[in-house]
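Chemist: Please read through the structure below; I'll follow up with questions.
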Amino acid sequence: MKKTAKKVTKRAATPAAKSAETPTETPTGKPTGKKAAPAAKKTTAAKKTTAAKKAAPAKKAAPSKSAAEKSAPAKKAAVTRKVKPADVVLPADTAVKADAAGKKAASVKKITVRPPGGESPTALVRRARRINRELAEVYPYAHPELDFENPFQLLVATVLSAQTTDLRVNQTTPALFARYPTPEDLAAADPEEVEQILRPCGFFRAKTRSVIGLSKSLVENFGGEVPGRLEDLVTLPGVGRKTAFVVLGNAYGRPGITVDTHFQRLVRRWRWTDETDPDKIEAAVGALFPKSEWTDLSHHVIWHGRRICHARKPACGACPIAPLCPAYGEGETDPEKARKLLKYEKGGFPGQRLNPPQAYLDAGGKPAPPLGAA
Ligand code: SF4
């Protein structure tokens with residue numbers, strides 16, 4: 001175990017040896033419908049084997065390959081994959097404010113990659129994609145951490161998740177959806193009854209207004225169905241771009257980047273962008289990846305933020321992407337101490353979902369307890 005620790009520390013402490021792609025400056029810094037398809041892909045036998053291997057943080061923190069060996073595939077990719085970041089095209093709706101509600105999505109426009117450090121745009125694209133590939137191996141079972149069975153449940157759960165944990169939402173929504181299973185039911189609900197159910201989520205009065213309001217709008221304007229278009233979703237009360245992309249990406253299989261607090265923190269630590277406005281972060285990061293990867297990328301980044309790269313004390317000494325991270329050292333670098341900071345399945349604890357996907361359970365993940373359980 002000690003050998004492991006030394007390896008990670010050594011690799012990360014010699015940034016020049018990490019990879020030609022890694023900058024050397026000090027950093028400035030849910031299982032339904034179409035989502036089931038990528039999840040199914042990940043649960044192939046080969047992936048399961050990888051998942052089992054990667055699930056143990058100690059193993060990931062103790063890669064058998066040297067830094068030089070690790071960087072070999074990246075160099076190969078640099079030769080065989082032509083990356084033209086400046087030509088990356090994003091839909092215009094990823095670069096505009098939510099005031100686009102009701103307007104038609106404009107035609108596509110180009111977003112130029114602008115690295116915040118001295119890295120070239122091409123090197124940044126390659127490094128960013130490599131981090132995402134590594135995270136895909138660390139979290140092959142990554143998924144939305146809200147329990148839901150249909151787009152309506154995901155929409156409501158996402159609205160409720162503001163200012164609280166997904167765990168608390170998952171512990172609250174079973175009672176809500178048992179009492180009000182459809183938009184019609186919730187639209188006609190007595191607000192006081194709903195408030196009592198939502199009380200554990202915090203801000204329960206405002207959240208009650210939002211979920212009843214959005215249910216009324218679904219009934220009145222969308223035939224009781226959750227719309228599958230960004231410009232329609234953001235017209236619903238309490239629904240912004242972040243919530244809309246969660247629904248589009250996970251209930252409708254339409255790619256979207258979810259810029260939550262974890263995503264904002266990590267992409268700045270990795271120097272993917274120095275933007276602070278969520279819409280600009282979304283556009284800047286979107287320019288680094290093919291659109292088809294946006295939803296899974298969001299899961300990978302958010303999962304890493306929740307488990308390893310915490311806000312106050314990132315577990316750098318147990319971080320599998322330490323050699324690629326310009327912010328290595330911002331947190332605990334001692335491998336033993338860092339391992340104690342790991343959360344959820346990486347720390348051997350229950351996850352946030354009461355009903356997680358099978359791939360998560362297969363990888364050793366545990367379901368969350370219901371509300372009130374010890
Ligand atoms: S835990 Fe440390 S090394 Fe890992 S991504 Fe976060 S800041 Fe970088």
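Cβ from N, Cα, C; glycine included.
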Chemist: Looking at the candidate ranges 207-234, 347-374, report the one that TrEMBL labels region 'Disordered'.
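Modeler: In TrEMBL, the region 'Disordered' feature sits at 347-374.
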Chemist: For the [4Fe-4S] cluster site (CYS309, CYS316, CYS319, CYS325), what does the 8 A shell look like? I mean other same-chain residues with CB within 8 A of the CB centroid.
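Modeler: Apart from CYS309, CYS316, CYS319, CYS325, the close residues are ARG269, ILE308, PRO314, ALA315, ILE321, ALA322, ALA327, TYR328, GLU330, GLY331.
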Chemist: Provide the number of Cβ atoms within 10 Å of the Cβ of CYS325 ([4Fe-4S] cluster binding site), excluding the reference atom itself.
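Modeler: Within a 10 Å radius of the Cβ of CYS325 ([4Fe-4S] cluster binding site) lie 24 other Cβ atoms.
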Chemist: Secondary structure at CYS316 ([4Fe-4S] cluster binding site) (DSSP, helix/strand/coil)?
Modeler: helix
Chemist: Report, as a single number, how many Cβ atoms besides its own are within 10 Å of the Cβ of CYS319 ([4Fe-4S] cluster binding site).
Modeler: 29
Chemist: Under DSSP, is CYS309 ([4Fe-4S] cluster binding site) helix, strand or coil?
Modeler: coil
